[in-house]
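Below is one structure; the comments refer to it alone.
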Amino acid sequence: MAHHPRWTMSQVTELFNKPFLELMFEAQQIHRQHFDPRHVQVSTLLSIKTGACPEDCKYCPQSARYKTGLEAERLMEVEQVLDSARKAKNAGSTRFCMGAAWKNPHDRDMPYLEQMVQGVKEMGLEACMTLGTLNDSQAQRLSAAGLDYYNHNLDTSPEFYGNIITTRTYQERLDTLEKVREAGIKVCSGGIVGLGETVNDRAGLLLQLANLPTPPESVPINMLVKVKGTPMADNDDVDAFDFIRTIAVARIMMPTSFVRLSAGREQMSEQTQAMCFMAGANSIFYGCKLLTTPNPEEDKDVQLFRKLGLNPTQTDVLTGDNEQQQRLEQQLFNADTEQYYNAATV
């Protein structure tokens with residue numbers, strides 16, 4: 001178990017209250033101590049089972065409780081998923097994330113999920129899944145199949161959480177993260193900005209994440225995507241500086257974690273995204289829809305990477321796979337790039 005300093009709420013609040021430019025400077029300094037600031041890790045996310053979720057998360061179009069026009073789909077066939085993973089690899093992603101709209105997976109689904117993980121790993125990609133609550137046996141089985149990362153977000157602070165979700169407790173989420181960690185799988189966990197939370201709630205979320213026995217290796221920070229039909233469709237927009245500030249504080253508090261720009265990037269300007277990279281974000285979802293929300297078209301990402309001089313990160317599992325690295329670099333920096341993968345069309 002890792003030993004790291006525990007943060008206090010007053011320390012986190014102090015960070016959020018820092019003058020913006022001072023905060024950015026501190027975050028960038030810490031970022032450079034642990035990462036190459038020119039490198040960004042690239043992931044692709046595929047919804048392997050969409051809609052009809054029994055949970056009541058007020059932000060989510062996948063909930064069966066809200067009329068969002070989202071058509072429910074059954075669990076995809078293994079070969080369909082692996083075909084999508086091949087396309088993702090050819091487009092340059094180094095991690096393939098598979099998400100299912102469940103409260104928890106059923107044991108009958110586990111053999112298919114294990115085959116998906118094994119197939120993705122055989123391609124030389126990192127494998128990540130987000131399937132809801134796991135029990136010990138399921139976590140161990142996914143670990144044995146080779147799963148690298150498991151995503152299970154805390155979403156917000158413990159104090160605000162009950163305003164967003166009532167069908168799953170905060171402790172259930174923490175318990176799943178513990179089971180995943182004990183099974184030897186890396187943890188991916190973050191939250192959402194724009195749920196109607198206060199700055200103290202954002203501080204409380206990051207406090208929970210940073211004070212886990214081992215902080216998450218990957219911390220996705222989402223900006224709420226307002227979907228018609230959900231209770232949060234009319235929420236106020238998030239101020240760009242408030243979002244960037246959250247990224248910066250996450251970077252300072254979890255200096256060795258990958259901080260990922262996730263949902264909501266489509267509604268961010270290039271300037272906002274650039275400031276997020278300055279604040280310490282060093283991972284993105286590339287070229288697909290984030291489960292059911294739009295993500296910027298790949299060519300826009302290519303252009304932004306080129307403008308900022310950013311390069312895709314080579315992950316540990318792909319060390320020595322120069323062909324893979326060159327493919328993505330060619331797509332990112334050649335003006336006449338061809339078609340890119342979009343999971344939504346599969």
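We count from 1, first residue shown onward.
The backbone N, Cα and C atoms fix where each Cβ goes, glycine too.
Summary of the site annotation: Swiss-Prot records [2Fe-2S] cluster binding at CYS97, CYS128, CYS188. Screening the candidates ARG32, ARG260, ARG265 against this entry identifies ARG260 as the one listed for that site. A separation of roughly 19 Å, to the nearest angstrom, links the Cα atoms of CYS188 ([2Fe-2S] cluster binding site) and CYS57 ([4Fe-4S] cluster binding site). Residues SER43, LEU45, ARG95, THR130, TYR149, ASN151, SER218, PRO220 surround the recorded [2Fe-2S] cluster site, their Cβ atoms falling within 8 Å of the Cβ centroid of CYS97, CYS128, CYS188, ARG260, which are themselves excluded.
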